[in-house]
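Asker: Pasting a structure here, questions to come.
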């Protein structure tokens, strides 16, 4: 702001100011007071004043007449005084702001203790330039803008309000005046932009207006309004893109970088909003509404040319970058806690608030510490550079009100220029310093350096969230042909987008099945190779799903510039329902020359830390990896198949022992310190259990499997025999399938099959193992394990102290599913050494996780970790051996390794070696005349029959089935996997299920039915059915599979969508491959 000598000239040397002269003219011009009103006017004024004071006493009288206590009167008085205090404060602020804007030059000179003539002409502010010419234009335009606002509110807004609610049919604007005080542009700053097609402007906007807007609802005699308002903030204006045609600028974007300050002076019924409590609540709600469309990252876009390209990206552009903020520590903080009425000075319980724009993070509280160590990491999106700031505020946690300890601010532009900043920053408004490491992560449009980023992130001990490797921006545009609600009503669609446990929602679009959203959503990705984007299109009630989409983010890694811009077909929706989205992924990359992080395991200056005072021994170096003993990871899994028994002793007697009955046998197993038990088979001397148990065993010699058979009785169970099997033979041979003669009884034998499953450090065979387990799974057994997890917990460091000074007595709890292992307790130390191992059976490695809690005796949880096992599947040798950061303070050194459970007699080796030549027959181990085990058969047929046929799908769709015969159990097994491309009759999608009959019987004994799937043409069932039949009886039957749908809610009629009939004599039941079968109409005679 430059001032010329003419502008700095003082006022005319007159004893009176122009304002005084004009006042005198209004009062009569001579300084003599005007003639007073008559006696009647004076009496009326006195009566009015008396009436107002009398009116104040009316609430007091009413409270006394109603029998209310004096507390209600005092409460009302307190509310009134609070309202008056807020009201007077707003009016004073409004008057001061108006006075400042009316006489800015004089007040500025007085503040500098100079007269107008003494203010030098060379005083200027090079960053911000005055724009008085713009203010003069606004002054001239302001009355016409007021006329436009009056027409807009009266002709557009008022009718909309009256139509929205029947109670507001008498709503009107009784007064609309923008006043004489227009918006002022205090200064303009033009930023040099790195892009040639963009101009950045910052406008310092100040509005201290005397506007008055009054509304009235005549039906309820309700009046309300606004009389005066203040708004101050920095408005950024972006002119982009610059084009070669008029008007040169393609669009204008406007937004506030920070939330502006707002102060409203209410009138009428809205005076109630000035009551303390309501005042802050109403101001916050209004500011939230403004921020929802005009505060970064939201912006107002005004296109200036038609058919502008990339409007969605202009409205929500890609971030400029990501800043990874490492909040490490603070030192020299002031003490705020006092004891014994301030006589004893304590410490503080500090925590930090980190803000960048609207993104806010809160650290954990460190109790009683003036030099806290947080060691926390946050990732923030930077939308605009320059302009945004990193702000850190430190507080002392108190039960009532937290005490302020200091703050620091830093422009994000400095981080962009430096790449990495690692400094101690002084706290303003307090004492002490805060230690921050700030890293600028660039956004790369290709996946070339993704592996390098993932490898680096694995070494970062980040809390409370793991470090991100990429960012995903989803531009949700529109949808087409969504299904209608019941009664052919238009839905109110909205969209839920989820990546792992982070879910964001779009706004709802009302009464349309072709909604347009035009919204942007941003997600941080830890590993885009394994994560998915889940999209659910729902009605605004969230109860009705209109469509769904699951998109593996690995698809973007192979797309051009990591971008997909296309229509996506919705599942569980209409046949033509689709969603248009633009997905943009960017890899977060830190320059390799700066990849050095103090919080990396092993990278801290542990060796440079001096030992305790008085010690002459150097501190031992911190280990990088664990050192487990030689027995760790050598466990195997023993799978025990308890099949059947024969010729058991009859123990039941009736009529005092005169009538001999049978027995109710069950089997009890004891092995490796565990006790297992089958179910009871009622009244059978030749029972079939067909149950499977799994036990983790070691190779220690001398172990035995104790088997006992009992008859279940009401009082005491009767003994039916026992047998002991040495585990050394089974562990060496890997397989045992024998009839065991029971000992200590006259008769009886038990059929037992034992398998040793050796864990393998490769995930190549996992999918095959999971599918084989699903096929050999019995109904009476728990789900079979697919992997073995071995954990070695060595030590922990830097655990939090009790009450800030006393070390805890920590122990750890390892949990997977419902299985837990508790370590020993190490007394009074923040660096315990456990050196303990534990093993867990894993049934679904993709879905399960390892939970670790470090607890202290009497102090609760000190820290925790949740490690998804899916991360191990991506590691070489399926193993992680490093330091892991706890969610609280501290770290643990741990080795976690996974082994896939593959039977040595399952035929996997034969397939893996012969897969290169499909013509080669798999090698059969052992005696060629010996019947192959069912597991071998299953594995062999999976390798050749699992892929679906590529033939054309029939007009009624297809059903996927697996049919095979289990020779050992003498059961026919059928698995209904799924259907695809089913027929749709009418506008509503079917609710399909599958009904299975074993012809020629049509009774309930052979009928099976799957669960029902809602509103889909591609249902997934994966349900298994069994029939106890001999092989010869099975070959004389046909399997009738019908896909049906409920025709309506009130009707019991079932609509046939298609069927297929399989002659079991024409199928190779030993192969049992999963195959797709064409559905036919009931009138057709064909097969599949």
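For all residues, glycine too, the Cβ spot is worked out from N, Cα and C.
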Asker: Which residue among 220, 792, 993 does Swiss-Prot mark as phosphotyrosine?
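Answerer: Of 220, 792, 993, Swiss-Prot lists 993 as: phosphotyrosine.
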Asker: Kindly point out which candidate in 349, 411 is recorded by Swiss-Prot as part of the Ca(2+) 2 site with 337, 396, 398.
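Answerer: That Ca(2+) 2 site, as Swiss-Prot gives it, pairs 337, 396, 398 with 349.
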Asker: Of 871-890, 891-910, 911-930, which span is tagged region 'Disordered' by Swiss-Prot?
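Answerer: Region 'Disordered', as annotated by Swiss-Prot, spans 911-930.
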Asker: According to Swiss-Prot, transmembrane segment applies to one of these ranges: 31-51, 94-114. Which one is it?
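Answerer: From Swiss-Prot, the annotated transmembrane segment range turns out to be 31-51.
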Asker: Taking only the recorded positions 349, 400, 402, 806, which one has a CA atom nearest to the CA atom of residue 337 (Ca(2+) 1 binding site)?
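Answerer: When the Cα distances are compared, 349 comes out closest.
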Asker: Relative to the Cα of residue 402 (Ca(2+) 3 binding site), which of the recorded positions 336, 396, 806 has the closest Cα?
Answerer: 396
Asker: Restricting to the recorded positions 349, 400, 806, which ones have a CA within 10 Å of the CA of residue 336 (Ca(2+) 1 binding site)?
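Answerer: Among 349, 400, 806, the ones whose Cα sits within 10 Å of that of residue 336 (Ca(2+) 1 binding site) are 349.
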Asker: Once 398, 400, 402 are set aside, which residues in the chain still have Cβ within 8 Å of the Cβ centroid of the Ca(2+) 3 site?
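Answerer: After dropping the recorded site residues, what remains is 396, 397, 399, 401, 403.
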Asker: If we count other C-beta atoms within 10 Å, could you say which of the binding-site residues 337, 400, 402, 403 has the fewest?
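Answerer: Selected from the binding-site residues 337, 400, 402, 403 on minimum Cβ neighbours within 10 Å: 400.
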Asker: Using all protein chains shown, find which of the recorded positions 336, 806 scores highest when you count other CB atoms within 10 A of its CB.
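Answerer: Highest number of other Cβ atoms within 10 Å: 336.
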Asker: When you measure from the Cβ of residue 396 (Ca(2+) 1 binding site), how many other Cβ atoms are you left with inside 10 Å?
Answerer: 21
Asker: Any idea what DSSP makes of residue 400 (Ca(2+) 3 binding site), helix, strand or coil?
Answerer: coil
Asker: Averaged over the domain 'SMP-LTD' (127-305), what pLDDT does the prediction give?
Answerer: 80
Asker: Provide, as an integer number of angstrom, the distance between the C-alpha atoms of residue 400 (Ca(2+) 3 binding site) and residue 349 (Ca(2+) 2 binding site).
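Answerer: Cα-Cα distance, residue 400 (Ca(2+) 3 binding site) to residue 349 (Ca(2+) 2 binding site): 13 Å.
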Asker: Using only C-alpha positions, which one of 349, 396, 398, 403 is spatially nearest residue 806 (N6-acetyllysine)? These are the binding-site residues in the record.
Answerer: 349
